[in-house]
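**Student:** TrEMBL feature annotations, pasted as is:
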- Gly479, Gly480, Glu481, Gly482, Ala483, Gly484, Lys485, Ser486: ATP binding site (BINDING)
- 725-738: compositional bias 'Basic and acidic residues' (COMPBIAS)
- 743-754: compositional bias 'Low complexity' (COMPBIAS)
- 477-663: domain 'Thymidylate kinase-like' (DOMAIN)
- 675-754: region 'Disordered' (REGION)
- 33-57: transmembrane segment (TRANSMEM)
- 69-93: transmembrane segment (TRANSMEM)
- 100-116: transmembrane segment (TRANSMEM)
- 122-142: transmembrane segment (TRANSMEM)
- 162-183: transmembrane segment (TRANSMEM)
- 203-220: transmembrane segment (TRANSMEM)
- 254-275: transmembrane segment (TRANSMEM)
- 287-308: transmembrane segment (TRANSMEM)
- 320-338: transmembrane segment (TRANSMEM)
- 344-366: transmembrane segment (TRANSMEM)
- 378-401: transmembrane segment (TRANSMEM)
- 421-441: transmembrane segment (TRANSMEM)
Amino acid sequence: MSERERSTVGGEAVVSAPAHDVRAVLRIAPFRTLWIALGLSSLGDWLGLLALTALAGQLASGDYRAENFAVAGILLIRLLPAVVVGPLGGYIADRLDRRWTLVVGDVIRFVLFASIPVVGTLWWVFVATVLIEAVGLVWLPAKDAAVPNLVPRERLAVANQVSLVTTYGSALPAALLFTFLALINNSLSATLQIFASPVDLALYFNAATFLVGAVVVGRLREVSGRPTSRQAEEQPTVIRTVVEGWRFVAQSRVVRGLVIGVAGAFAVGGVVIGLGRTYVTDLGGGAAGYGVVFGAVFFGLAVGMAVGPRVLAGLSRRRMFGMALTAAGLALVAVALLPNLVLVAFWTVLLGLFAGVAWITGYTLLGLEVEDSIRGRTFAFVQTLTRIALAVVLAAAPAIAGALGTHHLELPGGASLTYNGAAITLLLGGVAATALGVVAYREMDDRPGVPLSRDVRAAFRGYDRGRFSDTGLFVAFEGGEGAGKSTQAHRLAQWIRERGAEVTVTREPGATEIGKDLRYLLLHSGRTPVSPRTEALLYAADKAEHVDAVIRPALDRDGVVITDRYVDSTLAYQGAGRKLSQHEILRLSRWATRGLRPHLTVLLDLPPEVGLLRKDGPRDRLESEPLEFHQRVREQFLELAALDPDHYLVVDATQPPEQIADRVRERVKPLLENLQARASRRRGGREEAGSDGATSQAASDDDGRQAGSSRTEESPGPENAGEAPGKEDGAGPHDRSARRTARAQTSTTREVRP
């Protein structure tokens, strides 16, 4: 770094680094100490979940229904208090010394977990679980409230991310540790009565993690003291969050489908976790096998969230969401039908992977689809709904399995088939999740009529179709020389203008001040001919400036943009015409345009020999190329249209101009009507959000900014533009809202002319 600043946090000097630097946050000694305590506590929570469910099933052994009901009771007791009375924990934590709250909380949990194998009865398992969860309701808010006092404000977001990753990331290590401890416990049980139960060692080890955590956090004096805010009193109840959240979510079919789908993705994983212990026992596995299946779910989730969207970067997010949810349901069906523990573990990893892809894709789409003014409440609603869905599934699945019981089916030839309630419940859950995924896919499909297999193959090959803007309407006219693109662009603009929409007519190259200079260099300069690679780079520079200065701002205002040439012209002229690599040209163009793709591309097809005869006056650099060059250009245009026929309107440009204009207007009309309907819903949403009061609005805006920050992606360089094209907005959402309002009042029309 060229400049260093020093600040003091927790009595220790810290050299500043980029705000997103995780290592810089962990170098803050007080936060690092709290992070270690959090890691131990989180490891203990997950290890406790595994041990308590396994022990409950063991203590109720001998009756299939009783085993499942015992597991269901543990899961319900663990989750229901947090859903029903969660805000009360924060209320209490805000009135106690934080350091002693954390220390005493860990000590109490140490005593409770250590007492469970000593008492060794099912009723005490239930009582201890209630007390452990009650302590956790106070411990977690105290920990969360302490973090802002330990790190600088600019590093708070990263500190919270580290805490979140630690909380959920410790599930997989806990599963591996539980499996390892169960295997050791089996060896010790033959000689030591203290380890008579298969999970006794895990419970003692779990208790020790809380005791060590208490010692660690006891040295952390920086978190002592009581807060002065009344934040806990202002937290909304769960019922209020759900009612208000659904009120906003129900306004959009797409958002409604996303919310239900995200909750469904959580529920799919919850079915396996809730029935894992019983199902593994049915297959002949013990505590170690239960740990393997539990860990397989979270391993798959982690891989799916980290890798899935990158591997299929070129696939529509809406299609990816429905596809992943459907695949997760089918994987759950496979888990239910395969009576082999090794195969079950394998398919459980795939189930978690697809559920992780669906979850992260759904969250991303929510950030893009929801208006900024209500985004905070929407995300709060989604988080609450997923917790409720998880609690219901974790508790209901074992209860349903217990009610179904064990079934024997006599087959011809003296054979018999035994199927237990856990497998039947898993099968029903898989069928329900598959149906939910199919419905979500059909409701949200943004490329109807285009086979999904074609898009998936293109995504695996690295072909990226780009991203459509969520605001405005973007139409590109493409074609060879003399096809009449400018004429049709202005005809369409006039027709749209008569229907009250803002229209920006533009072109490439030369729509900006920089673009005019580039256009002269590319087409009209009498200097030494430009090399093909230089020409491609200059066209990319023009596109980058064109998108940032003209196209994106107009789309952000919910306007209509009509451009004479765009990315396809570069693929045709520089790719096919100059015989450069199509893949490299596409990646370069996607990077320059930030992946922005027209909603519709109109290709005016004309034989090059006819088009060149229409040109009057001296020819520019490209028009002067031989006929073979222009034939390759035409073939490339037609090939691009054939690869994605639903995106293109191919029109015979030898027809009279009025007939061509009629074809174009017919195709654009439903797109324009959809744009105007979306804009009307956004205005209605903003008006309704504005009536909720200044206090509620300020809180939701603050939450919205935090949730919406995940939308901002660093625009990739040319070397990886084909892998993860960004979709960035040219201005903040509040600026866009203000510009839309001003534009609606003045109803002006922009036009970029040569």
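Note that Cβ sites are derived from N, Cα and C of the backbone, with glycine treated the same way.
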**Student:** Helix, strand or coil for Ser486 (ATP binding site)? Use DSSP.
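**Tutor:** Reduced to three states, the DSSP call for Ser486 (ATP binding site) is helix.
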**Student:** Using Cβ atoms only, state whether the transmembrane segment (254-275) and the transmembrane segment (421-441) have three or more pairs under 8 Å that are 6 or more apart in sequence.
**Tutor:** yes
**Student:** Near Ala483 (ATP binding site), how many other Cβ atoms are within 10 Å of its Cβ?
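**Tutor:** That number is 26.
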**Student:** Honestly, do the transmembrane segment (203-220) and the transmembrane segment (100-116) touch, with at least three Cβ pairs under 8 Å and pairs 6 or more apart in sequence?
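**Tutor:** Contact confirmed: at least 3 Cβ pairs fall under 8 Å.
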**Student:** Based on DSSP, name the secondary structure state of Gly479 (ATP binding site): helix, strand or coil.
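**Tutor:** Going by the DSSP assignment, Gly479 (ATP binding site) falls within a strand, counted as strand.
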**Student:** Sort out the residues at least 6 away from either end of the transmembrane segment (320-338), same chain, that have Cβ-Cβ distances under 8 Å to it, and list them.
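**Tutor:** Sequence-distant neighbours of the transmembrane segment (320-338): 258, 261, 264-265, 268, 271-272, 304, 308-309, 312, 344, 347-348, 350-351, 354-355, 357-358, 361-362, 365, 423-424, 426-427, 429-438, 440-445, 452, 456.
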**Student:** CB neighbours of Gly480 (ATP binding site) within 10 A?
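**Tutor:** For Gly480 (ATP binding site), the count of other Cβ atoms within 10 Å is 26.
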**Student:** I need the most crowded of these binding-site residues: Gly479, Gly484. Count other C-beta atoms within 10 angstroms of each C-beta and give me the top one.
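**Tutor:** In terms of Cβ crowding, the pick is Gly479.
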**Student:** Which residues does Ser486 (ATP binding site) neighbour through Cβ under 8 Å, counting only same-chain ones at least six apart?
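**Tutor:** Spatial neighbours, sequence-distant, of Ser486 (ATP binding site): Arg507, Asp564.
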**Student:** Express the predicted model's confidence over the domain 'Thymidylate kinase-like' (477-663) as a mean pLDDT, rounded to an integer.
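**Tutor:** That region's mean pLDDT is 88.
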**Student:** Tell me which residues of the chain lie with their Cβ under 8 angstroms from that of Gly482 (ATP binding site), as long as they are six or more apart in sequence?
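**Tutor:** Once residues fewer than 6 apart are set aside, Gly482 (ATP binding site) is near Leu606, Val610, Gly611, Leu612, Leu613, Arg614, Lys615.
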